[in-house]
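Marked as coiled coil by Swiss-Prot on the basis of sequence analysis: 213-267. The compositional bias 'Acidic residues' annotation in Swiss-Prot covers 33-53, 60-71. The annotation compositional bias 'Basic and acidic residues' is assigned in Swiss-Prot to 309-319, 327-342. Swiss-Prot lists 1-81, 93-177, 309-342 with the feature region 'Disordered'.
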Amino acid sequence: MPILSKLNKRVRARVEEDDFEHFSQESASDGSELGEEDEETDDSDGSTSESDDGSGRDGDESENEDLESDSASDANSDITSSLNNISFGALAKAQASLGKRKRSTTLTADIASKRPKGPSRSPPAPSSKEDQKYPNATKPPQKLSHRTSKHAPTIQSSRHAVTRKRTVIETPAIPQARDPRFDSVVLNHSTNGNPSIATNATIHASKNYAFLNSYRTEELSQLRKRLQNLQREKSKDTHDEREIERLKRQITSMSDRMQTFERKEMEREVLAGHRRKEREAIREGKKSQPWFLKKGDVKREVVTRRFTEMSGKEKQRALERRRKKIASKEKKEMPWARRGVE
């Protein structure tokens, strides 16, 4: 204790002023010895006092901690005893009064609704000068809002990748020509709104304008006669030679177009005949489900029909053309000879 340390402290008597000179003369010889003894005693007294003070403080802190721990343990024991006495019915009522747990999105929505509605700050609109300067400038990317829950549908951007081709000069929009023969709107109007005709516009257009094929055949025959006349004259004029080349190109293009029309018409006939057979088989009960032809099967059937309808000379020409085509393809696929090999 601090009081005991003060009582145990060694104190030296105060020297009077009148006896100071006498004391100084007597103690002149023993001054050094007394000084050393006083220093040692002072050091020992200081250490004992410090130790006594430290022990006193530690004792006070330990007593305070013991009191706090006792009070906390008493409070915890009271709380646990009160919780043990609560019934399950009271706990259920308390939970029902609190309500179900809400999601964070509803809380944020409530907070946003409670906020004062002020004038929303919109981004500054670009000036007309900037629009004229950069007409093809892309808009800044917008951040996608997150889903409200994991069960909500995913949010995906409708933006597409920008093409690497740069448009230097924007061409004006040119109105495209519309052919009424192949227009579904015109065919639908002319057929009293029949949807099957509107969907198969090309088929019905070819049926409606089938008389044009006769005009094409007549025009093709006239071009061939004109070409024969120019070739008979055998003039060395450059103008006639150019005309002959032009007529040849026109005849080949028209003949190829006629062949494509015939081939498509034959494909339609093959498909129509196959569908007719399948319907009859289903009606008779021979089949439960129809069988649909593939594109390769249709092409094979068309080739066989065309080959059977050809005459002897036409068959030979077709076979020779086919042989040359296969030979050229095989020649391209053959490896080239090495340089060092003879």
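Yeah, the Cβs are placed from backbone N, Cα and C, and that goes for glycine too.
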- prompt: For the compositional bias 'Basic and acidic residues' (327-342), DSSP counts of helix, strand and coil?
  reply: 7 helix, 0 strand, 9 coil
- request: Summarise the compositional bias 'Basic and acidic residues' (309-319) by DSSP state, stating how many residues are helix, strand and coil.
  value: 9 helix, 0 strand, 2 coil
